[in-house]
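Feature list (source: TrEMBL):
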DOMAIN    4-255  domain 'Sugar phosphate transporter'
TRANSMEM  6-26  transmembrane segment
TRANSMEM  63-79  transmembrane segment
TRANSMEM  86-103  transmembrane segment
TRANSMEM  109-126  transmembrane segment
TRANSMEM  147-165  transmembrane segment
TRANSMEM  185-205  transmembrane segment
TRANSMEM  212-233  transmembrane segment
TRANSMEM  239-256  transmembrane segment
Amino acid sequence: MCHMSACAILSYFSIVVFKVVPLQMLKSRSQFLKISTLSLVFCGSVVGGNVSLRYLAVSFNQAVGATTPFFTALFAYLMTLKREAWVTYAALIPVVAGVVIASGGEPDFHLFGFIMCISATAARAFKSVLQGILLSSEGEKLNSMNLLLYMSPIAVLALLPVALIMEPNVWDVTIALGRDHRFMWLLLLLNSVMAYSANLLNFLVTKHTSALTLQVLGNAKGAVAVVISILLFRNPVTVIGIGGYTITVLGVIAYGETKRRYR
């Protein structure tokens, strides 16, 4: 919720006060509904991802997240009828197969956590396709900063009641942490600004490439997160799990090569 609040405030100052880009007004009720849907799906993906981390190791969570390109390709076809070359779809097979193999060798596998993780992954894919439509459609096109300006307040309103219900003592805990840790507020501010930058770059990459490419690039981040998680948190990993992660990473590399050759 802090991240989305920061996105709303920084977008407002960037557009209205500093006039980095012109302010774009909403053109239709359909456009507003799409932005609202984007906000709610984004909130669902974040909540689902955080819940899954209670039951699954970070390394396995990231490996499941590597299947996002598969869901993105599916939603892109269903929503926009956009097709990729057949070799591009073939390259996604090892991305998904690697996660299936890794899940079979995961020592701390939890079904509910896995379902929440898959749901969050599918929601991220749907969000990427929908934001691509809002950033590029002729009739309802918004630039990245304006889309973030309209999306963020809706996300805050959606997350506020959820936070109050699931974390009723969140304000007391936050204030206590601020008193106990000298740099807590500075770190929270820095984290929120970085979240704004990440979301803005996310939109820019989607606009200038595609939703599918964005998610495949995200898998590179996921591979690094898997390694760091294993080294930092000492998550137990089996040989089968390592094999599955490796297949997934190789699938990501193959996807990048097919996109380069079949533009």
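Glycine too: its Cβ is placed from the backbone N, Cα and C atoms.
Curation plays no part in TrEMBL annotations; they are all automatic predictions.
Remember, predicted model here, so these are calculated numbers, not experimental data.
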Inset, instruction - Please give the average pLDDT for the domain 'Sugar phosphate transporter' (4-255) in this predicted model. - result: 84
Inset, instruction - Could you tell me what the rest of the chain brings near the transmembrane segment (109-126), counting residues at least six beyond its ends with Cβ under 8 Å? - result: 41-42, 44-49, 51-52, 54-56, 60-61, 64-65, 67-72, 74-75, 103, 211, 215
Legend entry - Interface-richest range of 6-26, 147-165, 239-256 toward the transmembrane segment (185-205), CB pairs under 8 Å: 6-26
